[in-house]
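Database features (TrEMBL):
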TRANSMEM  6-27  transmembrane segment
TRANSMEM  48-70  transmembrane segment
TRANSMEM  105-125  transmembrane segment
TRANSMEM  132-152  transmembrane segment
TRANSMEM  188-205  transmembrane segment
Amino acid sequence: MPNLIMSILIAVVITILLLAVVPVSGGHINPVISFSAALVGIISMSRAIIYIVAQCLGAILGALALRAVVSSSIEDTFSLGGCTVTIIAPGPNGPVTKGLETAQALWLEIFCTFVFLFASIWMAYDHRQAKALGHVTVLSIVGVVLGLLVFISTTVTAKKGYGGAGINPARCLGPAIIRGGHLWDGHWIFWVGPTIGCVAFYVYTKIIPSKHFLAEYGFKHDFVGVVKALSNV
């Protein structure tokens with residue numbers, strides 16, 4: 001599918017999903033958001049774990065539902081919407097591996113996760129921003145940013161076999177469990193990369209000026225704060 005069309009569809013779908021689930025969970029449909037929110041201190045780590053488990057179960061059920069309704073040719077072409085770094089394709093002298101190098105894919109995951117968090121945490125979870133712009137505008141921007149990141153990651157690499165930045169480990173896990181096969185090749189990248197991106201973003205929040213909104217609102221679940229509190233018990 002043309003990258004631009006795919007990215008636009010992703011932006012629209014993610015925006016709709018976020019608007020649908022904001023009243024329920026605050027828009028937590030992605031382990032990246034939940035884990036980063038726990039590190040920053042917006043939610044507790046225990047709540048983040050519950051959210052992440054639910055997101056992974058939802059991804060598995062979604063992959064099962066998708067497999068039940070799509071044709072086998074569409075399933076083969078799009079791998080149930082799973083995340084791929086490489087694929088095995090037929091070649092003139094037998095099967096060949098097409099895709100992206102491991103290091104490049106990992107760096108893309110880290111970079112795209114950081115940029116995604118910069119847009120979502122700083123806007124959707126900044127009380128001042130959300131109030132000034134409104135939830136519809138903020139969540140629309142988050143969806144557009146995600147679509148842009150997918151477009152950029154697939155365009156700059158231009159590698160067949162690479163499905164673009166995952167930025168959502170749960171979405172990668174569901175199809176991998178249901179379909180298996182090549183979806184497990186390099187699957188760890190879609191967990192390790194976002195995790196490093198979340199930690200990098202958290203470190204960034206700790207070195208910015210103290211007058212930023214984090215200090216003003218004093219999120220009590222901040223990771224370092226919780227560790228200090230436990231060490232004093």
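Cβ coordinates are placed from backbone N, Cα and C, and glycine is handled just like the others.
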*Excluding the flanking five residues on each side, which residues at least 6 beyond the ends of the transmembrane segment (6-27) place their CB within less than 8 Å of a CB in that stretch?*
33, 43, 51, 124, 135-136, 139-140, 142-144, 146-148, 150-151, 154
*Taking a Cβ cut-off under 8 Å, which residues six or more beyond the ends of the transmembrane segment (105-125) line up next to it in the same chain?*
27, 32-33, 36-37, 40, 42, 85, 133, 138-139, 141-142, 145-146, 149, 152-153, 157, 162, 165-167, 186, 189-190, 192-194, 196-198, 200-201, 204
